[in-house]
Amino acid sequence: MYSEPGKTKFQIDLRRHLREQDICENLIHVICEIAEACKYVINAVRTGDLGVAGTSNLYGEEQLALDVLSDRILKKRLIHTGVVCNIASEEMDEIYQAQAAADGLYSVAYDPLDGSSLVDVNLAVGTIVSIYKGSDLLQPGRNQVAAMYVLYGPRVSLVYSVGKGVYEFTLNQLMEFTLTRENVTMKPAGDIYSPGGLRNKYTPENEKFIRFLEDKGCKLRYSGGFVPDINQVLMKGKGIFMYPALQGSPKGKLRLLFELNPMAYLIEQAGGAASNGVIDILDIQPESLDHRAPVYIGCRDDVEKAKDFLNNKVK
Ligand code: FDP
């Protein structure tokens with residue numbers, strides 16, 4: 001609910017809020033269409049068969065795995081906007097060109113259903129989206145013009161930024177996204193840690209950092225879903241999520257284009273930080289669609305501390 005002094009409370013919907021941000025009409029269109037597509041994704045997550053791609057359902061119809069279905073829903077919707085030129089998704093091997101011209105248009109990279117392996121155990125999952133002006137998707141995340149995610153939990157929430165702060169919307173009973181949090185802000189340091197990856201594969205530096213957090217009294221909060229785990233850090237305004245380099249996988253697991261860049265953009269917009277341990281996530285030049293990087297993301301001081309441990313500045 002949003003209220004102005006002396007006025008009755010009213011709900012601000014996503015489109016109206018975007019119009020107040022003084023951004024290009026085409027960008028508003030892209031964000032609103034993604035929000036619409038996500039209503040179909042949540043419906044599929046909630047009611048769809050938990051099928052595996054290529055298998056048949058009760059009626060002998062071929063089923064699509066939820067991540068493949070979610071990808072199709074988003075891709076179709078983005079193509080139909082008429083204002084998106086290039087599209088890349090975690091489910092596609094290459095960039096899909098929806099429009100040849102790039103002038104005044106946008107390119108979108110997304111993970112249609114991050115954490116899809118959690119659906120069959122009924123844990124929260126989400127869609128993550130990164131938006132650039134023009135056709136280039138292989139550029140540093142700092143150049144994003146917008147980033148957003150939709151979290152499919154007990155409630156459905158949409159968190160976005162167009163570089164003017166971070167806002168949360170929640171899906172109401174009329175299936176409208178209405179404003180629930182304005183100018184989401186991170187504290188300088190926090191007491192939540194969310195560590196991904198097998199601990200017995202951690203390097204000694206990462207192991208020391210984790211011990212430091214534990215000794216400091218941080219609470220372990222890790223669901224195994226990147227969207228809910230980041231949402232917790234962001235909405236509580238405190239804590240750090242990490243998915244470090246592991247022995248045997250020096251680039252960690254998470255993907256720059258579809259996962260790290262959009263989340264780093266949102267966290268930075270809220271006053272937090274995101275680093276691969278050396279440089280800011282948003283300054284990494286992607287080498288391929290599949291570019292992966294270790295990540296430390298959350299409160300500024302906590303991310304700085306992680307860097308100190310990684311660079312052996314703390315004994
Ligand atoms: P998932 O494999 O279930 O799709 O990148 C995907 C992801 O989940 C993230 O959502 C999550 O943060 C991470 O992988 C979890 O990986 P671990 O199981 O190795 O912790």
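Just so it is clear, glycine is given a Cβ too, placed from its N, Cα and C backbone atoms.
According to TrEMBL, the feature Mg(2+) 1 binding site maps to GLU90, ASP111, LEU113. Around ASP111 (Mg(2+) 1 binding site), the C-beta neighbours below 8 angstroms that are at least 6 residues distant in the chain are SER89, GLU90, THR127, ILE128, ARG255, PHE258, GLU259.
What TrEMBL records for ASP111, ASP114, GLU259 is Mg(2+) 2 binding site. Cβ neighbour count for GLU259 (Mg(2+) 2 binding site) (all protein chains, 10 Å cutoff from its Cβ): 27.
In this view, SER116 (substrate binding site) is surrounded by 19 other Cβ atoms within 10 Å of its Cβ, with every protein chain counted. Annotation source TrEMBL lists substrate binding site at ASP114, GLY115, SER116, SER117, TYR222, LYS253.
Sequence annotations record features per position, and here TrEMBL assigns domain 'Fructose-1-6-bisphosphatase class I N-terminal' to 16-181.
The feature domain 'Fructose-1-6-bisphosphatase class 1 C-terminal' is assigned by TrEMBL to 187-310. Counted with DSSP, the domain 'Fructose-1-6-bisphosphatase class 1 C-terminal' (187-310) comes out as 54 helix, 23 strand, 47 coil.
Counting in whole angstrom, LYS253 (substrate binding site) lies 13 from ASP114 (Mg(2+) 2 binding site) by their C-alpha atoms.
Among the binding-site residues GLU90, ASP111, LEU113, TYR222, no residue is identified whose Cβ is positioned under 6 Å from ligand 1. Geometry remark: TYR222 (substrate binding site) versus ASP114 (Mg(2+) 2 binding site), CA distance 15 Å. Neighbouring residues of the recorded Mg(2+) 2 site, listed in sequence order and excluding ASP111, ASP114, GLU259, comprise GLU90, TYR110, GLY115, GLY126, THR127, ILE128, PHE226, VAL227, LEU254, ARG255, PHE258 (Cβ within 8 Å of the Cβ centroid).
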